[in-house]
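Features of the protein shown, as given by Swiss-Prot:
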- D37, N114, H175, D177, R181, N234, D259, N279: beta-D-glucose binding site (BINDING)
- D37, N114, H175, D177, R181, N234, D259, N279: beta-D-galactose binding site (BINDING)
- D157, N159, D161, Q163, Q165, E228: Ca(2+) binding site (BINDING)
- 1-23: signal peptide (SIGNAL)
- G97: site 'Interacts with membrane-bound trg signal transducer' (SITE)
Amino acid sequence: MNKKVLTLSAVMASMLFGAAAHAADTRIGVTIYKYDDNFMSVVRKAIEQDAKAAPDVQLLMNDSQNDQSKQNDQIDVLLAKGVKALAINLVDPAAAGTVIEKARGQNVPVVFFNKEPSRKALDSYDKAYYVGTDSKESGIIQGDLIAKHWAANQGWDLNKDGQIQFVLLKGEPGHPDAEARTTYVIKELNDKGIKTEQLQLDTAMWDTAQAKDKMDAWLSGPNANKIEVVIANNDAMAMGAVEALKAHNKSSIPVFGVDALPEALALVKSGALAGTVLNDANNQAKATFDLAKNLADGKGAADGTNWKIDNKVVRVPYVGVDKDNLAEFSKK
């Protein structure tokens, strides 16, 4: 009897151990360029949430702390731990080739997301994909939003010269999103027949505190009373501008951002932010996770999903957000 009990216990323990092993038999390695980036924090949490719905997946999540060398080391460790796919938010897009060579050495597929590698890098490995956006689209939509509100608010034209005197807070120089948003927001305004005059343009590296400091300096400078519109490449910098304008009693100056972060949507609701552009964190996260899981399981990247892959790339569309359609994007 005791032998039977012991045997049964051993079998059950073996089954439980097997189930536990099976429950995490698909390891996916993830690196985020830095955890304290507002937008990437939302993406990271969304990926973690998606993974909870897939009990056979174990995420190995890493904070690269804005250090490409650190990220390279993290990828080496992930590969040594036997991950079946990599999901990589690059620190430096130029490092994609290095990451691909590491992945190729272990025959592991890699899904880059948010920071786009070069076409040459993607084409160099048949198991490399990218999930992101069309960077210029966000600039165009931001330009459309500004044009819409400029036409509806004649009081914004402080000197009545018919052109927008603007300052622009730029993201990381060289980052595809920063370069495209900076170029295309102004191009779209000009294409719509709206003349523009740049008073100031400088980087605040996607950061709220840096943007506040930059805006403080501009509001203390010789062009302070000429500023009619503040344009920011992302919401984090837009929020810094809003803080600075409030401190200088100039909250009536309109500010436009990109990302549609929850905090930014609250500012749109209050009127402190004139508009933003939805950079769809949840769908970027879901597409990244879906592709990585499929590839880890040996399936086609988009199998069983609604994602459309064009030349190894999934593009998640942007949407303009202001008070007129805010209810569609605010959490119920």
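Including glycine, each Cβ sits where the backbone N, Cα and C put it.
Keep in mind the model is a prediction, meaning the values are calculated, not measured.
Distance noted between the C-alpha atoms of G97 (site 'Interacts with membrane-bound trg signal transducer') and N114 (beta-D-glucose binding site) is 16 Å. The Cα atom of E228 (Ca(2+) binding site) lies nearest to that of N234, taking the binding-site residues D37, N234, N279 as the candidates. For the binding-site residues given as Q163, N234, the lowest number of other CB atoms within 10 Å of the residue's CB is seen at Q163.
Comparing CA positions across the binding-site residues D157, N159, D161, Q163, Q165, the one lying closest to H175 (beta-D-glucose binding site) turns out to be Q165. In the three-state DSSP assignment, the secondary structure recorded for Q165 (Ca(2+) binding site) is strand. Ranked by Cα separation from Q163 (Ca(2+) binding site), the binding-site residues D37, N234, N279 are led by N234. Largest Cα to Cα distance within the recorded beta-D-galactose binders D37, N114, H175, D177, R181, N234, D259, N279: about 18 Å as a whole number. In this structure, the C-alpha atom of D177 (beta-D-glucose binding site) lies 23 angstrom from that of Q165 (Ca(2+) binding site). Each residue contributes its Cα atom, and for Q165 (Ca(2+) binding site) and R181 (beta-D-glucose binding site) these two points are 18 Å apart. Every protein chain considered, the tally of other Cβ atoms within 10 Å of the Cβ of N159 (Ca(2+) binding site) stands at 11. For D37 (beta-D-glucose binding site), the same-chain residues 6+ apart in sequence whose C-beta sits under 8 angstroms from its C-beta are W206, A236. In this structure the C-alpha atoms belonging to N159 (Ca(2+) binding site) and R181 (beta-D-glucose binding site) are separated by 26 Å. Listed in chain order, the residues near the beta-D-glucose site other than D37, N114, H175, D177, R181, N234, D259, N279 are F39, S138, G171, A178, W206, N233, V258, each with its Cβ within 8 Å of the site Cβ centroid.
Other residues of the same chain near the Ca(2+) site, with their Cβ within 8 Å of the Cβ centroid of D157, N159, D161, Q163, Q165, E228, are L158, K160, G162, I164, E197, K226.
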